[in-house]
Amino acid sequence: MSAVFNNATLSGLVQASTYSQTLQNVAHYQPQLNFMEKYWAAWYSYMNNDVLATGLMFFLLHEFMYFFRCLPWFIIDQIPYFRRWKLQPTKIPSAKEQLYCLKSVLLSHFLVEAIPIWTFHPMCEKLGITVEVPFPSLKTMALEIGLFFVLEDTWHYWAHRLFHYGVFYKYIHKQHHRYAAPFGLSAEYAHPAETLSLGFGTVGMPILYVMYTGKLHLFTLCVWITLRLFQAVDSHSGYDFPWSLNKIMPFWAGAEHHDLHHHYFIGNYASSFRWWDYCLDTESGPEAKASREERMKKRAENNAQKKTN
């Protein structure tokens, strides 16, 4: 029996042989639930197996949201009008490159990412990640997701930076740098070891959070993973528009930040924000290099002046 309702009698009342009938029953017995909560409760009640319900939902969510976000960038790449905002306008991915990348990404999704996704619910039960309705408040979810963005960005910066050293780059991260001019679909084109290690930032940070607080809702995780997927695809899109988020939030990394990383193969290691690269002087690109050289020049002049005095 599903744990979506903390009431065995209610769980029995809403169950039906079809999903649509289950949804009607949920709406009848729980009219106070909002639109999403009713569909959520009906899904878990209809499946009547939380392990299967969570596994299937997470897998389909990941596939749909990833390719749903990749599709607009694929279309934009075919329209010359948008080249004015392309960061590397002479490097448009060919159909052959897109197809090769698609095959590799699908292989990764089904052979690498599917196993942890399908075995995730038992861990949820042990950690206290709940599927019950109603959902947490919007304020609670927003604060938690904001924290996850900050924590994931921190993990990503240090893990990504490690992947640019020696054997880690040669045998693992080099695969992701096959494309010096990234495109949306290439966001998850990576070695399995990189997929799992960098993916820990997305899933592992919420796990650490719930281990500390003892409370987290699975719907919050769904929203977080969706936003993280959108961020990853957008940062690999290769386009920087006047309305891009980094124009509104200067500390947001965006496509321009990550495109420089792929172009120069070094620096700009963070995923969502710019502060780690700024504070640790790992910003990439001509402007960052010029600024770094200017600071070094001034430092040398100051040291020379001190010695003279």
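Backbone N, Cα and C define each Cβ position, glycine as well.
Note that this is a predicted model, so its numbers are computed, not measured.
Per Swiss-Prot, the ubiquitin cross-link annotation among the candidates K96, K126, K139 falls on K96.
When averaged over the motif 'Histidine box-2' (173-177), pLDDT in the model lands at 96. Within 10 Å of the Cβ of K96 (ubiquitin cross-link) there are 8 other Cβ atoms, across all protein chains.
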